[in-house]
Ligand code: KIV
């Protein structure tokens, strides 16, 4: 089953089927109805209303200024523009770290705007919050590795999980999120070998960005994939507009490259 042949919106169960069948899951970030329509037409299975909108839509240097209402506004637009893709909304900085109750309240706003799942950054320290939300009807996606909301703690946008201790911590964080009930984890900017190990140790979907090709799927930031400014493009970015006849064609090429495993290539991955 793939998004191209479904006539309804995909569910978590549909994504689980793709995962169990070993088919790579394709996720794009998306922020508006026009691109949602275009990505839907290219068979993209999941759209993430990422807090990267702080950078690519609002022009900030970090994702920190993004609010719950910003994400809710863009989630509603993406929902209106798409009929098929599974919709995930990012929980912005400061909207979930205080307490499980705070996280739940803000996640409710995002689900009411049209999200089918919310994503939050962090590992073991967020496990109780994830459990609280999942038990109350909110599917959760974790996010490990380079977590942009912690840019000031990390000291910049740097590859994470390097070295034995850091790799071990990340593996434990992934297991803690799974145990708490998360059904998907984004792995950002970590060595490919570590992402492979994390993916192998879990029974849930991993979605990589700068994490090699062995994750259960890939997420592309729309502005990266279509070579839209602003921002310096990271090592893991491929410009799918190169050689494409249209944005639709570029989106179809991205889907094909992820599905057949030709993206990401060795030149897009980090060593341990
Ligand atoms: O906000 C975002 O776009 C993200 C992706 C990079 C995974 O979190």
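Placement of Cβ uses the backbone N, Cα and C atoms for every residue, glycine included.
TrEMBL labels come from automatic prediction, so no person has curated them.
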Identity of the 3-methyl-2-oxobutanoate-site residue among 14, 83, 90 (reference: 51, 52, 119, source: TrEMBL): 90
Distance, residue 119 (3-methyl-2-oxobutanoate binding site) to residue 90 (Mg(2+) binding site) (CA atoms, angstrom): 5
Lowest local Cβ density among 51, 52, 90, 119, 188, which the record lists as recorded positions, within 10 Å: 52
Contacting binding-site residues for ligand 1, chosen from 51, 52, 121 when the Cβ sits under 6 angstroms of any of its atoms: 51, 52
Residues near residue 121 (Mg(2+) binding site) in space but at least six apart in sequence (CB under 8 A): 142, 143, 144, 147, 148, 149, 150
Between residue 51 (Mg(2+) binding site) and residue 119 (3-methyl-2-oxobutanoate binding site): CA-CA distance (Å): 10
